[in-house]
Amino acid sequence: MHLNNTVTEFILLGLTQDPVRKKIVFATFLLFYLGTLLGNFLIITAIKTSRTLGSPMYFFLFYLSLSDTCFSTSIAPRMIVDALLKNTTISFNECILQVFSFHFFGCLEIFILILMALDRYVAICKPLHYMTIMSPRVCGVLVAVAWVGSCVHSLAQVFLALSLPFCGPNVIDHYLCDLQPLLQLACTDTYVINLLLVSNSGAICTVSFVMLMFSYVIILHSLRNHSAEGRRKALSTCVSHIIVVILFFGPCIFIYTRPATTYPMDKMIAVFYTLGTPLLNPLIYTLRNAEVKNAMRKFWSKKLVSDDK
C-alpha cells in the first residue's frame, strides 16, 4: 500500500443525489438484481439437475451463470443499500476489495464467453472430433485456467489501485470503486498507470471481442455445409452468443480503452454491463434454447409434484 495515503474512506455519489430519483434507483435495481439471481439460479439448477444438459456447452453456461451472479453481487447489493442512505461512504479496504471482485468476475465472464465460442467452433467445424477434443477433463482444465487468468488480471488492478497516492479528495462520482474514477482522485500524474490500465483491461476487452467476432464469422461461414435443420439450430445458438458478446463488450471497450477522462454517461454505460448484462444473459440463453426451457419445465414440474406430496 502507498505510504503517503491520508484517505481512509471514499464517498460514493452514486447514480444521483436527488432523493426521489434515489428511490427510483433503489426499486429499479432491486428488481434487476432479484431478476438476475432468479434467472441465473434457474439456469444453474436446470443444468445441475438435468441429464439432457450434460454437453460442454452447458458446462460452460453453468459457469457463465455463476460468474454473472457473482459479478452482479459484487456491485448491486451495495448500490441498492446506498440508494436508501443519505451519506454513502466506503472504506479504503472495501474499495480495493470491490475492485478485485468486480474485475475478477468480469474477467471470468470474458474467458467463459471465449470458451463457449471455442466449444461452438469445435462442435460445428469439427463435429466428428467434438467429444474427443472437448472432453470433460479438457473442459475442467479450461475453466481452471479461466479462474487463474481472472485472478492474475484482478490482482494487477489491485496493484495499480494500491500504487495510487490519495492525499485529500475522496469523493468518487460513481456508484462503485473502479480504477477510472480512482485515477481522478490520485494526487500524482496518472499517465503511466492509465496506460497500464488500457493495456490490461482495455486489451483484454478489445482483443477478446475481436477474437470472438472472428470466431463466429468462421462458424457462420462453415454452416453452409450443414443441413437446413443443423443450420437453423446452430444459427440460433450462435446468434444468442453473439448478442451476449456485443451487449457485454461494447460498454467495456468504451470505458477501458480511452485516456483517463470520465464522462457523465459513464455511470449509465457501466450500469448496462454491470447490472443489465447479468440480467439479460439468462433471458437470451433460455428464450433461444429449447433444451434449457425443457429442462426448466421438468425441474419445476418435479418441484411442484414434490411440494404436493
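Placement of Cβ uses the backbone N, Cα and C atoms for every residue, glycine included.
What TrEMBL records for this protein:
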- 24-45: transmembrane segment (TRANSMEM)
- 39-285: domain 'G-protein coupled receptors family 1 profile' (DOMAIN)
- 57-76: transmembrane segment (TRANSMEM)
- 96-118: transmembrane segment (TRANSMEM)
- 138-160: transmembrane segment (TRANSMEM)
- 201-223: transmembrane segment (TRANSMEM)
- 235-256: transmembrane segment (TRANSMEM)
- 268-287: transmembrane segment (TRANSMEM)
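The average pLDDT computed for the domain 'G-protein coupled receptors family 1 profile' (39-285) is 87. Across 24-45, 96-118, 201-223, 235-256, the stretch most heavily in contact with the transmembrane segment (138-160), judged by Cβ pairs under 8 Å, is 96-118.
Touching of the transmembrane segment (235-256) and the transmembrane segment (24-45) is ruled out by the presence of fewer than three CB pairs under 8 A, sequence neighbours closer than 6 excluded. The highest tally of CB pairs under 8 A with the transmembrane segment (57-76), across 24-45, 96-118, 268-287, is held by 96-118. Only residues 6 or more beyond the boundaries of the transmembrane segment (24-45), in the same chain, are considered here, and those with a CB under 8 A from a CB of the stretch are 14-16, 61-62, 65-66, 68-69, 72, 76-77, 79-80, 83-84, 275-276, 278-279, 281-283, 285-286, 292, 296, 299. Distant neighbours of the transmembrane segment (268-287): 15, 29, 32-33, 35-36, 39-40, 42-43, 61, 64-65, 68-69, 71-72, 75-76, 79, 102, 174-176, 178, 240, 243-244, 247-248, 250-252, 254-255, 293, 296; these residues of the same chain sit at least 6 beyond its ends, with a Cβ under 8 Å from one of its Cβ atoms.
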